[in-house]
Amino acid sequence: MVKFLVIFWFVVISFSHVSAQVCLERSGFFTPNSTYDLNRRVLLSSLPLNVTAIDGFYTTWIGEHPNRAYGLGMCVPGTDAHSCSDCIILANARLLQNCTNQTEAIVWRIDRTVCLVRYSNRSFYSSLGMEILRSDNYTRDFQANLTDLEITWEALMIRMIDQASYLYYAAGIRKLETSISRIYGFVQCSRDLSLQNCTKCLQQNVVEYRSCCRGRQGGIILRPSCFIRWELYPFLGLFDNIRPRQKDGKSISTGAIVAIIVVPILLLALGVGLWKRRKAYKTKTTKIADDITTSGSLQFEFKAIEAATCNFHNVNKLGHGGFGEVYKGTFPNGTEVAVKRLSKTSGQGEEEFKNEVFLVAKLQHRNLVKLLGYAVKGDEKILVYEFLPNKSLDHFLFDPVKKGQLDWTRRYNIINGITRGIVYLHQDSRLTIIHRDLKAGNILLDADMNPKIVDFGVARNFRVDQTEATTARVVGTIGYMPPEYVTNGQFSTKSDVYSFGVLILEIIGGKKNSSINETDGSISNLVTYVWRLWNNEPLLELVDAPMGENYDRNEVIRCIHIGLLCVQENPADRPTMSTVFHMLTNTSITLHVPQPPGFVFRVRFKPNPLADRLQRGPSTSMSFSCSVSVTCVSPR
C-alpha cells in the first residue's frame, strides 16, 4: 500500500451530518492560480450539473498533461437532482476551502444524501482505494445483548454487500431478536470500480468494524472507494420503502445463517436435476431464463405480452429491426410499451437476446432507452422497452417535410445527448460496452425530442483491462462501420466513435451516408462529400437547407470538424468519446487538423438498388405511431 501523509483531516460529527475530507500529499502540491489550479476549479464547477444529468455518476478530466485534472462526482442512485447538486456543491466548497494547494483530495459528504467528490492530477478511475479515511464509533455502547447485536449486524452486512455486488449500493434493516431495536445500514461503492473490487472494499470495512466499532450503537467507516454506515435509527430517508428482514418474535442464529446459504444451494442442485428431465420445449425456455441471472425480476408472463399486442397483430407493428419485429403494446392499466419480438429463424437470436438483457438491464441513463423486461416461451424471445412517441431520428432527419422540425438547437441537443449516452456506455457504466450499430435508426426521440440510444442486440462488453477485440462475425450497418471492422473484424470503443462521426455529419446535413449525387455526376458517400467541402468548397454547404440561416456558424463548423476527426482511418487518430464530449462543451480546446477519413471514394456509376438496400441496412423504428385503432376482444 502506498504510504502518504495526511495534510489535512476535517471531520464534522453530529447525528444529522457526517463528512470526511482528506487532502493528500502523495501526488504533490501545485502553485495557487496555476494552470492546474484553474483546471481543478473548472472541473469541480462542472460536477453538480453533470452528476445530476448522468444518473448520479460522472467522471471527467480538464486540460492537458502535465496540468490535467481528473475528477469524479457521485450521488446515491435515485437521489433527486436538487439534493444531489446541493451535496456536490457543498463538497466542492469544502475542498476548495481546505485543500488549497494539494493536487489530490477526496471528500465523502453525508447530509441529506450521500455524495463523493474526488480530484487528482493522475487518473484514478477503476483503481481500488483502500486507505481508511475515517473509522468512527461516535455513539454510545450498546446496552442490551451484544451477541444479538453482533449476529444481527453481520447478517445485515452480508445481505447488503451481496446486493451491492451488482448495484454498487444497498440499504437494509434488520430487527434484533432480544429487543425492539432495529439496525439500519447503508453501504456504497464508487461506481467506477469493478463489482469484484466493490465487494472486496466493503468486506474490508466489515473487518475494520471488528477492530474499531464492535458493540457500538452506530458508526461509519470510509475509504476512497467505499463506505458503510449503521445506526439504531433511520437516516438520510433511505429506509422509507424497506421492511425489516426479520419478523418480530423470530430468532436468527448461526444455524439459520448457515441455512440461508445452504438451502438455496440444495434447491439449486435439485432444480438442475429436474431441469434436465424436462421436455425439449421446456428445457429451452428455462435455459434462457436461467442464463439471465441478473434480471429475474424483469420477467413478464408471455400471455401478458400477447394480450398487450393483440397477439402480435400487424396493425400494432411498429417496425422491423436487425433481429426481429417491434410492436406497440398496451397493458390493462394503460401503460404503453414497445415489444421487440426476436426472429425465430435468426441464427443469432438467442445469443443476441441474452446479450441485450444482460447489458441493458444494468444500464440506467437518460440517453438510453429503458428496458422494462423480457419474456420467453420456447423459441419465442421478447424484450419490452419503454414506448417513445416520436419515432427514431431517421424518420425526421431524412424526411423532406418532417426534417423541418429539427432546427439547429434541437440537432445540437441531439448530438450532445448521443455523446453523453455513448460516454456512459464506454466509460461510466459498470462494464465497458461497445454498441457496434450506432445509426440514426437506433436513436429514438422522446416527447421533448431528447435522444435515447436503442438496440443493444449486437453490443459487446469488455473487461476493464481490454482495449480491443476481433470477431469472425461482422455485424452492424454498412456505412457506419469503420475500415478495421469491415476488413479485419477488429472493434473497440473507437468503432463507435467512427459511427458517431458519420451520425454527426448526417445530423448536420440531413443526408444519408449511403450515397451523395455530386454536381459532376459522380456518386460518393457522405464522408467523402464532407471531406471535399473541407478542402475545396464552403464547408457550410453541408448544412441542411430547412435550417436556413438560423444556426450558430461556429458551433456547426466545430461539429463538422469533430465529425471528421471521428471518422479518421486510423483508430488511434480518432478521439475517445470522453474527449468528444469535452470538445463539444469546451470551445477553448483546440481541435487537431483532420487527415483523410476512412472509406473516401469517388466513382462514376449509377446506384445499384440492391447495394443501396445493403448500404442502408436494417433500421429499427420502435416508436412508429399507427393511426388505425384495434380493439382486442378476449373470450369470455
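Backbone N, Cα and C atoms are what each Cβ position is placed from, and that goes for glycine too.
Among the features that Swiss-Prot reports, signal peptide is placed at 1-20.
Model confidence over the domain 'Gnk2-homologous 1' (21-124) is summarised by a mean pLDDT of 88. The feature domain 'Gnk2-homologous 1' is assigned by Swiss-Prot to 21-124, with sequence analysis given as support.
Positions annotated as topological domain 'Extracellular' by Swiss-Prot, on the basis of sequence analysis: 21-254.
Under the three-state DSSP scheme, Asn33 (N-linked glycosylation site) falls in the coil class. What Swiss-Prot records for Asn33 (among others) is N-linked glycosylation site.
Long-range Cβ contacts of Asn50 (N-linked glycosylation site) within its own chain (separation 6+, distance under 8 Å): Tyr58, Thr60, Gly73. In the three-state DSSP assignment, the secondary structure recorded for Asn50 (N-linked glycosylation site) is helix. The feature N-linked glycosylation site is assigned by Swiss-Prot to Asn50 (among others).
Secondary structure from DSSP puts Asn98 (N-linked glycosylation site) in a helix. Other Cβ atoms within 10 Å of the Cβ of Asn98 (N-linked glycosylation site) number 17 in total over all chains. According to Swiss-Prot, the feature N-linked glycosylation site maps to Asn98 (among others).
The N-linked glycosylation site annotation in Swiss-Prot covers Asn101 (among others) and is backed by sequence analysis. Shown in sequence order, Phe29, Phe30, Thr31, Pro32, Asp37 are the residues of the chain, 6+ apart in sequence, with a C-beta less than 8 angstroms from the C-beta of Asn101 (N-linked glycosylation site).
Around Asn121 (N-linked glycosylation site), the same-chain residues six or more apart in sequence whose CB sits under 8 Å from its CB are Ser27, Gly28, Phe30, Tyr36, Pro66, Asn67, Arg68, Ala69, Tyr70, Thr103, Glu104, listed in sequence order. When secondary structure is read from DSSP and collapsed to three states, Asn121 (N-linked glycosylation site) falls in the coil class. What Swiss-Prot lists as N-linked glycosylation site is Asn121 (among others).
Per Swiss-Prot, domain 'Gnk2-homologous 2' is recorded for 130-235.
Taken from Swiss-Prot, the feature N-linked glycosylation site applies to Asn137 (among others), supported by sequence analysis.
Look at Swiss-Prot and you will find Asn145 (among others) tagged as N-linked glycosylation site. Following the DSSP three-state reduction, the secondary structure of Asn145 (N-linked glycosylation site) is coil. All protein chains included, Asn145 (N-linked glycosylation site) registers 15 other Cβ atoms within 10 Å of its own Cβ.
In the shown protein chains, 20 other C-beta atoms lie within 10 A of the C-beta of Asn197 (N-linked glycosylation site). The N-linked glycosylation site feature in Swiss-Prot is assigned to Asn197 (among others).
If you look up Swiss-Prot, you'll see 276-636 marked as topological domain 'Cytoplasmic', on the strength of sequence analysis.
Sequence annotations record features per position, and here Swiss-Prot assigns domain 'Protein kinase' to 312-585.
Look at Swiss-Prot and you will find Leu318, Gly319, His320, Gly321, Gly322, Phe323, Gly324, Glu325, Val326, Lys340 tagged as ATP binding site. Just so you know, the Cβ of Leu318 (ATP binding site) picks up 23 other Cβ atoms within 10 Å once every protein chain is counted. Look at Leu318 (ATP binding site): DSSP puts it in a strand.
Positions annotated as active site, proton acceptor by Swiss-Prot, on the basis of sequence analysis: Asp437.
Across the domain 'Gnk2-homologous 2' (130-235), the DSSP tally of helix, strand and coil residues reads 40 helix, 30 strand, 36 coil. With a 10 A radius on its CB, Asp437 (active site, proton acceptor) counts 27 other CB atoms from all the protein chains. Cα of Gly324 (ATP binding site) to Cα of Asn98 (N-linked glycosylation site): a distance of 57 Å.
A separation of roughly 41 Å, to the nearest angstrom, links the Cα atoms of His320 (ATP binding site) and Asn197 (N-linked glycosylation site). Every protein chain shown contributes to the tally, and the Cβ of Asn33 (N-linked glycosylation site) ends up with 9 other Cβ atoms within 10 Å.
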